[in-house]
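First comes the structure, then the notes that go with it.
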Amino acid sequence: MGSLDATSTSLAEDLQDLQLDRPAKGLKSVEELEKLTVDEHLSDIERSVYLLSSGQEVQRISVIHNLPDLLRDTESHDECMRRVVPKVREVLHLAQTEMQVAASSAFLQILQKNLVPVQNYSQTFLQTILNSVDSKDPDVASAWLDTLLDVIDLLPKEVIKKEILGSAIAKGQLAQSVQSRLACCRILGKISTKFEPFVIKKEILPVVQSLCQDVDYEVRGCMCRQLDCVARGMGLEATKSAILPELVELTNDEECHVRIAGLETVVNILSLLDAETCGTTIIPLVCKICQQAVQAEDATLPVVATQLGKLCHGISDNLTDEQRQWFIDFYKKLCHVGLEKNKASSRVTTPLIDKDRGSKESDLTDIFELEDKLVECRKNSAYNFPAMVLFCGAKQFKPELHLTFTHLCKDPHFLVRKTISSGFHEVCKLLGNNANLIQSDLVALLKDESIEVLRGVISTIPAILDCYMSSGSNHTVSESKSGPLSDIIPAFLASENAIFTSHNWRLQEELMRNLSCLSRCYSSESLYNKVIPILRQKLVKARALPVKVAAAHSLLKLTRKVKKREQREEIYHGLIHDFCHARKCYLRNVFIDICRIVIELYSKKFFKETFYEYLLELHTDSVPNIRLSLCSILPDLKRLLILPTDRGLLQQLDACVRKLLVSEKDRDVSDGIQSAVEELDKIHIPMQSMTRRNFFEQDLDDQKKEEEEKLLLDNEEKELKKEEEAAEKKKGDKRNLVSAKKGSENGSSSRIPGPRKGSRAGLSGSNSTTKKFLYPSHITPEDDNKPVAPLTKGAGTSNNKLVKSKSINCISQIPRRDFEELDSKEVSKTKIVPPGKAPASTTSTTNKPSKTTRGSGIPAPGSAGTRRASVPTISTSRRGSLGGQLGTGSYYSLLLLLAWLARQLTFSALFPSFAVVFSFCISAGTHTAKFIKNLVFSDFSYEKLSIYQIMQ
């Protein structure tokens, strides 16, 4: 209970401390406010002088910040220089750090903006800067030193030599403090590029050599980093005689800090040296530094790994083959540092058992520091891998660096893998056509569990895929299952699971945006089945709004690449259903963002036909935020319109705006619609009667988008037409094959000729070697060389179908037509005559198809189409006969079919059908009649022959 009471007491005290309604600590009292009050009638100069003299610290800082503005005013410039500037310099002697930093920034701005002549500046502000560099406060001294170095770039050479050079040399004497000598090193390096070589050699070089031999290692290291600037000012010959000996000695310094500075200076000075100097001095020196770093495993090792890429690139022209191989082997050794065996564990085994606790902790600290250095070394080596590929060459990558690259991609530390993944696209560019060598490494990085590693490769995946597409493997995944992209893209899509388990919404946004690059390497079907479902899912379920917007952008961009119209329309309708008509208000708000993207990516015509009216429906939404968002997009809608074509859409937009103006009760939405109305009034709607040239000048991008959309539809129609033609051809070939097969089964007695490719079946009994069908005199053999095409709806005759009954031995197996009675105003060419009645001759009139229900053969309500139980006969009129309605191939197929049926069924059952045949024969001519006689009745009995004679 005691502990509970103590907890309750402490909780009550904490809640008391959180009282937000009590006055905050630190508010100014009335007396303090009176001290900060200044007479409003004072001028700017008088107020500044008053505040610098008796104001508070914050007021003085404000005056110093406004000093450039006071000097910019021409009326108060002279008075400010006479009264305010001396007061500022006086205040700075005892000012605190914040005021000193503010003054250093203000003094630099005065010179950068040329507010004061250089002569006046050197007499006033420059003197203050030089004096303040020696401040005892290191922060203040550093701020004024940075200001001095920036001022040197803006001052003329004469002023620098007169005012700064002497002061800098004086600061470099051994008697000065370490801080003064460090400042001297930086100043000498800055002014060395301002003077002639003889001035540097006479005035500056002795001080530089003295500082290189300074007793303090920080001074030696600082001066070593400035040797690059001094060497450029002196020239090659003076550098070889005076600077290089000092540099060689500094690289062999006992302090690691100085050796690191020496190595960095060697890299920076390479471009200045000639080939002879590099071959005799620099290359042996660099090899020695590298060997010492690997042996010592000290702080120089990560620096060597960092600088090795620049170093190899700088000396590559001066290396022999043996030296080049040495640097490649040394780089591979750096990439494997610390991966052989854990030497650190063996080193600490004895201390952990034998020594005291203090030695154990110190040894553990050393071990962790060493491991960090080795990891940093491998990380820096991974950073330099593109430079080493360039140094080695793409042709030598596989035997020299491929295995090392694989080890870096599978390094146990995520920092190394992150670095190599960030530079993966650079390696792909350098390899060119050999980029497929590192395909498996890319897949391994995409399957990595570390979010940092995935970030490196996901951010550059568009450039990587471009490299693979342009490296001789420019095919999509669906076209070549064994291509390099067949493994990369599934791994890329699978990385989505790991990325969305984290809370890094920026990486999720980048992934969604980069998915749009798959349009260049994925087929239309693959995009629709694999990529677009992911985008649609994240568009609904992603938490961060930027992720949703990125997913919508990629989705709409990829949808433009989908070839099938049905699939595109399904996506668009899904967006309208899932977002515009969603129950959740935040999804409806996303629909407005989707519409903005559609306006950006698609043509005006497409948006007006697909999304315009659905977007305007949101003006009646019950949530004010939706209506407010809609107000911001209304001006964009008006810019899409063209009169007089879009007059109706303009009326809808006006009605929407009018309703919001009249009936809106929310204050924010009312303000939003008022702002939208003001912008709408400024928008001029173009007329469609404008010249074509002016129209293209204004909407060139929109025309391009519309042409792309039209081209997509045209390509789809062409593909559908090709598919239909292929299907019809396949169906016709199959029918001919079946007919030939059944004809062969009937034996040698059958005289039904089988179809040949490229020719008609010949007449039986012909003596010529090439048997050819003899057409009637009034029929032109226009389709002689074309395959027999099946009858389709709307081609030749309408509503022709083969109806087959479920019973086997039934007269309904005979082919027949489904007839429909025509309207009273229409007269058909073909008349149906009941069996036993003579066909009547009719005159030809226009034959219009009857109305049927969409998508079926069922007659529409009100039509009198019926199916007769018996086979109807057809009028023998020349103009109303089958020969006038069917093509040559069609009635030839009909004759073959009837001939086959004649052999299978009784003749009495076929009598009405033969009436149809001979009605055709009368109109077709004697040649066709003889063909029917020889084909059908050659093997019939006497009974059949007598009937034939009667019919003849």
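Glycine too: its Cβ is placed from the backbone N, Cα and C atoms.
All annotation found in TrEMBL is predicted automatically rather than curated by experts.
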Residues flagged as transmembrane segment in TrEMBL, choosing from 888-908, 909-929: 909-929
Close approaches to the repeat 'HEAT' (243-281) from elsewhere in its chain (Cβ under 8 angstroms; 6 or more beyond its ends): 208-209, 212, 217-218, 220-222, 224-225, 227-228, 230-232, 234, 236, 289, 298-300, 303-304, 307, 310-311, 314-315, 317-318
DSSP residue counts for the compositional bias 'Basic and acidic residues' (710-736), split into helix, strand and coil: 27 helix, 0 strand, 0 coil
Secondary structure tally of the repeat 'HEAT' (204-241) (DSSP, helix then strand then coil): 32 helix, 0 strand, 6 coil
Helix-strand-coil residue split for the repeat 'HEAT' (243-281), DSSP-based: 33 helix, 0 strand, 6 coil
